[in-house]
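Undergrad: Just dropping this structure here.
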């Protein structure tokens with residue numbers, strides 16, 4: 001009788017285990033589908049946004065009037081280099097249509113389950129590479145060089161992973177390590193998507209604009225103005241912007257497959273690629289946002305200044321925390337098992353908050369960097385389209401007409417861009433020392449938080465200087481800040497007062 005009861009209990013237990021295993025498999029399968037769906041949506045949104053803009057504003061500009069058989073509003077590149085324009089147009093259009101179809105069909109689980117949409121989005125990214133290579137330059141050799149950059153990045157990542165994992169044993173990483181790796185993957189993917197967005201647009205519409213008609217020096221309509229006025233500066237911008245774009249596309253391709261991105265992230269190969277992409281982005285900004293070498297040097301001086309201030313703040317926080325810990329140092333009492341569990345839960349909650357803060361800072365840094373990058377390359381007021389009357393084609397109009405206002409805009413915008421890049425660099429790798437890692441991480445987050453606040457303030461100054469042409473209007477923009485802050489203060493005060501009244505009423509009713 002006892003053996004029969006034991007058999008029944010074992011059968012019930014085995015059934016429960018099988019059912020729980022099925023539930024676990026179903027949950028994990030849903031998580032995989034949700035990740036695939038979110039990835040497809042991210043890639044499709046990226047491709048749809050940039051291809052739509054590029055299709056309506058094609059590289060080379062548009063004819064401004066009906067002359068010599070050209071129709072006003074038609075693409076200049078279609079007349080001067082029809083084969084190159086068609087290659088750009090069809091690659092860009094295929095990427096745009098495929099993105100819209102993927103956005104519509106992403107809710108169909110059977111397509112996501114069999115990786116159909118992911119494969120379509122990978123082909124979509126290759127279409128972006130083809131459109132960029134055809135539209136960003138006018139020489140076949142340069143187009144080949146641009147497309148070869150993506151292959152070089154992939155080859156580097158493979159070599160990096162092989163050499164840096166030769167001495168590593170094959171370990172089964174725990175759930176916590178895999179979760180941290182997935183968080184790093186999300187941050188890298190977010191950077192790659194937004195970097196690809198801004199570099200794609202900047203490459204197709206370079207700073208200084210395009211020649212709208214043939215000139216007497218033999219320059220052809222549709223070619224970049226900066227190419228003829230400052231050829232070295234244009235080449236520095238073009239190649240650095242192209243490297244950053246191809247690095248971003250390669251990162252997205254690698255981050256699609258777990259078998260590729262897991263060893264690449266653990267060996268820091270993708271962090272190296274991201275750092276190189278950020279550096280190229282800064283060089284492209286320094287080369288394209290100004291036509292003077294002296295001003296470009298100032299931008300790199302800003303990088304050093306921001307790093308110096310960040311290091312100084314980190315040191316101040318570290319010394320102050322060290323003094324507080326020395327003053328309150330006491331012997332740690334023994335704790336029970338329940339207290340250990342509570343401490344573990346507290347640590348998990350603290351880690352969750354830190355991850356949320358890092359994600360918040362990364363998002364702000366990338367968004368501000370993308371906005372400042374585009375504004376620096378296409379400053380308010382536009383650029384001179386032709387040389388004459390003491391003005392040079394490609395120079396910012398505001399620089400010659402309203403120089404003080406332009407300088408305020410330029411340096412505020414440049415500081416905002418540089419500070420954002422520094423914050424992104426600090427957030428990407430695990431550069432903190434292992435000794436007292438939690439304390440250093442807490443202090444570094446404080447420093448990055450203050451840097452982002454200063455970043456937003458300078459962005460506001462750049463907006464006030466560049467969005468209007470009168471100082472009175474700029475002052476109005478500043479007063480709007482005080483008005484919005486006052487609104488929040490009044491709302492908070494009324495909310496606290498209402499909450500206190502509600503609590504007082506409940507106490508009286510009791």
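Any Cβ shown, glycine's included, is placed from N, Cα and C.
Automatic prediction, not curation, is the source of TrEMBL annotations.
Remember, it's a predicted structure, so these values are computed and weren't measured experimentally.
Just lifted these from TrEMBL, have a look:
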type	residues	note
DOMAIN	31-138	domain 'PGG'
TRANSMEM	87-108	transmembrane segment
TRANSMEM	115-133	transmembrane segment
TRANSMEM	145-166	transmembrane segment
DOMAIN	181-290	domain 'PGG'
TRANSMEM	187-204	transmembrane segment
TRANSMEM	236-256	transmembrane segment
TRANSMEM	268-285	transmembrane segment
TRANSMEM	297-319	transmembrane segment
REGION	328-353	region 'Disordered'
DOMAIN	354-469	domain 'PGG'
TRANSMEM	360-377	transmembrane segment
TRANSMEM	406-427	transmembrane segment
TRANSMEM	447-465	transmembrane segment
TRANSMEM	477-498	transmembrane segment
Undergrad: Which residues, given as numbers and ranges, are at least 6 beyond the ends of the transmembrane segment (236-256) yet have a Cβ under 8 Å from it?
TA: 39, 43, 118, 121-122, 125, 128-129, 132, 136-137, 142, 146, 149-150, 153-154, 157, 185, 188-189, 191-193, 195-196, 199-200, 202-203, 206-207, 226, 264, 270, 273-274, 276-278, 280-281, 283-284, 287-288
Undergrad: Taking the transmembrane segment (447-465) as the first stretch and the transmembrane segment (360-377) as the second, find out whether 3 or more Cβ pairs fall under 8 Å, excluding pairs closer than 6 in sequence.
TA: yes
Undergrad: For the transmembrane segment (268-285), find every same-chain residue at least 6 residues outside the stretch whose CB is under 8 Å from a CB in it, and list them.
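TA: Distal contacts: 153, 156-157, 160-161, 164, 188, 191-192, 195, 199, 202, 236-237, 240-241, 243-244, 247-248, 250-251, 254-255, 261, 299-300, 303, 369, 373, 376-377, 414, 417-418, 421, 424-425, 428-429.
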Undergrad: Any contact between the transmembrane segment (187-204) and the transmembrane segment (115-133)? By contact I mean 3+ C-beta pairs closer than 8 Å, pairs at least 6 apart along the chain.
TA: yes
